[in-house]
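S.K.: What follows is a structure written as structure tokens; I'll ask about it next.
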């Protein structure tokens with residue numbers, strides 16, 4: 001059940017005996033969705049790269065051992081760059097489409113990564129990272145939308161969860177690479193990992209224009225036949241009579257018609273109605289919560305954290321960093337497969353409660369080590385950091401991204417995602433800049449700030465997050481306007497899909513039972529388009 005008692009009707013239209021790996025087009029769809037996940041893998045690589053570079057002696061020497069505010073700026077400058085593109089990216093995305101947005105973003109990211117790898121001084125390095133972040137803002141706006149808008153409906157929660165978790169793949173590669181290059185006795189120990197960052201981005205740029213566009217974006221632009229063709233090819237396995245395809249098409253079409261009727265589309269629409277104001281508040285609060293949960297302390301500043309408990313050996317720190325990224329990756333992947341089983345709300349509440357408990361344990365053990373120099377307490381800090389970050393990986397990256405993208409209508413999804421992203425980036429920049437200063441000033445006591453914030457986050461989740469599992473994107477998008485609106489959308493789409501199926505079979509002159517044998521290029525698809533438009 002979802003939203004307090006609304007069933008996901010689309011599931012009754014899916015043949016339970018068919019699986020995506022049984023069809024070539026299912027493999028093709030998974031390839032294209034996986035291509036858009038590469039953008040988040042690049043994000044994970046960069047996050048772990050910042051941590052790994054701080055441990056490399058030649059990076060420290062080349063940049064004069066940055067500390068405090070300088071170290072904070074080096075970590076935050078990419079997100080400062082992304083802040084500049086976040087207001088612009090959705091305008092480009094909505095005007096020119098998801099694929100062209102990714103092309104533009106990858107071109108800037110490649111240039112920025114090359115500048116970063118060839119940096120001769122701190123300012124050069126900062127400039128490369130700023131451009132990398134600016135281009136990443138375009139990719140981060142379009143990539144997740146393509147994943148959820150193109151994916152087969154029953155796969156959407158899994159793939160969206162995996163999209164969030166693929167930061168772990170990038171993190172593992174970066175952590176492993178910096179661990180290996182530690183033994184290179186030159187500046188290439190850090191230039192090589194910085195240069196490798198361009199590989200997935202180059203591959204994505206070369207391949208993306210060969211793939212399909214989002215059917216929902218095509219629908220929003222009035223390109224009904226093109227949207228239908230994408231749905232038939234990838235969701236209907238070439239069968240234009242597929243009941244799921246007919247239902248999806250009608251639901252998308254009616255959702256877009258309602259949005260145009262209500263003049264939804266501009267930035268101001270994010271605040272026009274009580275339902276949209278609630279969505280916008282939730283998106284911004286989730287963005288803040290994700291950054292103030294304490295995970296950023298470990299993600300970007302593991303080295304200072306380990307220094308507070310006496311683990312100062314560079315090799316040992318790199319090993320802990322690599323193990324942490326592998327652990328988080330598997331926790332995140334499991335989350336993707338659990339989103340529709342346990343529900344978004346339950347996962348948020350349970351994992352955040354556990355995060356609070358483990359962060360309190362980290363605080364206590366860190367205090368014991370610093371006050372009594374108890375090595376056992378220091379070892380337990382590492383254990384609880386693993387448990388804390390594992391809960392975060394399970395409950396936040398993938399689930400949060402899934403939630404904030406699915407609760408917004410199609411015409412506002414790009415802008416809604418940008419509202420969430422700009423809020424997240426703003427607080428991430430603030431955290432990255434202040435965390436080194438906070439650690440330097442307060443040491444282990446700095447954890448107490450995040451302990452208190454976590455209590456507030458739990459209260460927010462309990463009172464404001466509603467369940468969305470089991471619904472399509474269109475149904476979830478209108479859930480905040482009332483359950484009756486969701487049921488009405490389901491009924492209207494179901495009725496029109498039945499009419500489409502009946503009318504097309506009559507025109508084809510064949511019984512409905514034989515319609516499934518029609519070829520993908522039959523006249524039926526064109527007839528359905530004509531009747532609908």
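A Cβ is built for glycine as well, from the same backbone N, Cα and C atoms used for every other residue.
All annotation found in TrEMBL is predicted automatically rather than curated by experts.
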S.K.: In TrEMBL, which of 58-79, 124-145, 190-211 is labelled transmembrane segment?
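M.R.: Of the candidate stretches, TrEMBL labels 190-211 as transmembrane segment.
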S.K.: Of the ranges 213-236, 237-260, 381-404, 405-428, which one does TrEMBL list as transmembrane segment?
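M.R.: Based on what TrEMBL states, transmembrane segment spans 381-404.
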S.K.: When you get a sec, could you say which of 303-321, 322-340, 474-492, 493-511 is annotated transmembrane segment by TrEMBL?
M.R.: 322-340
S.K.: Of the residue ranges 101-118, 263-280, 515-532, which one carries the transmembrane segment annotation in TrEMBL?
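M.R.: It is 101-118 that TrEMBL describes as transmembrane segment.
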